[in-house]
Amino acid sequence: MGTVSGTKLIAPLGCLVSRQKHTLPDLPYDYGALEPHINAEIMQLHHSKHHATYVNNLNVAEEKYEEALAKGDVTAQVSLQPALKFNGGGHINHTIFWTNLCPNGGGEPKGELMEAIKRDFGSFANFKEKLTAVSVGVQGSGWGWLGYNKEQGRLQIAACANQDPLQGTTGLIPLLGIDVWEHAYYLQYKNVRPDYLKAIWNVINWENVSSRYATCKKKD
């Protein structure tokens, strides 16, 4: 009986344990590894300051949300949604972004991803042109994305404002994200976003994008 009682206690006590906090992921390369295309100063500020701020603010918002949930305070829960979306999206987007880039990147993808790009966009050049145009055209701050439309079984390009997460707002599964917030390029490219977008293709990690695509296909 003692063992059974002890086991029953674990569940309610477990509910009182604080959730695991989000943490800033390590970069898989040095801050200067993407030079000359993206300089070290940008990478350091972008990762250690901007992304870190999203992580910290997300943790704060989740703590407040848990408190509101415990109190049954629906008004407070609703008022916290923008902070959860903005900071949660910022954390999700940047976590993908860092892995989408690599020092020895660029060129073109291979295998199934390349076949899918040719099928859905006609050619790699057309795809590159379209994603670049969508990213350049984002008004203010936001992201350009290559996503996977699970329902239609095809690739799709989309733009998201601010830090809106692709999957959470469009249903598309993110494969490749291009950050067009000014903090991603201003120190090097000033206000000339097209120059930054031209450069970033030289550090795209197609192995990572292909791996994300393969994972999507497995789940179909």
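Each Cβ is built from the backbone N, Cα and C atoms, and glycine gets one as well.
Taken straight from TrEMBL:
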DOMAIN    21-101  domain 'Manganese/iron superoxide dismutase N-terminal'
BINDING   His46, His94, Asp179, His183  Mn(2+) binding site
DOMAIN    109-212  domain 'Manganese/iron superoxide dismutase C-terminal'
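A map of TrEMBL features onto the structure.
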{"residue": "His46", "record": "Mn(2+) binding site", "Cβ within 10 Å": "23"}
{"residue": "His94", "record": "Mn(2+) binding site", "Cβ within 10 Å": "24"}
{"residue": "Asp179", "record": "Mn(2+) binding site", "Cβ within 10 Å": "25"}
{"residue": "His183", "record": "Mn(2+) binding site", "Cβ within 10 Å": "13"}
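Note: the Mn(2+) site is recorded as His46, His94, Asp179, His183; in the same chain, His47, His50, His51, Phe97, Trp181, Ala184 also have Cβ atoms within 8 Å of that site's Cβ centroid. Note: the domain 'Manganese/iron superoxide dismutase C-terminal' (109-212) comprises 54 helix, 24 strand, 26 coil (DSSP; helix = H, G, I, strand = E, B).
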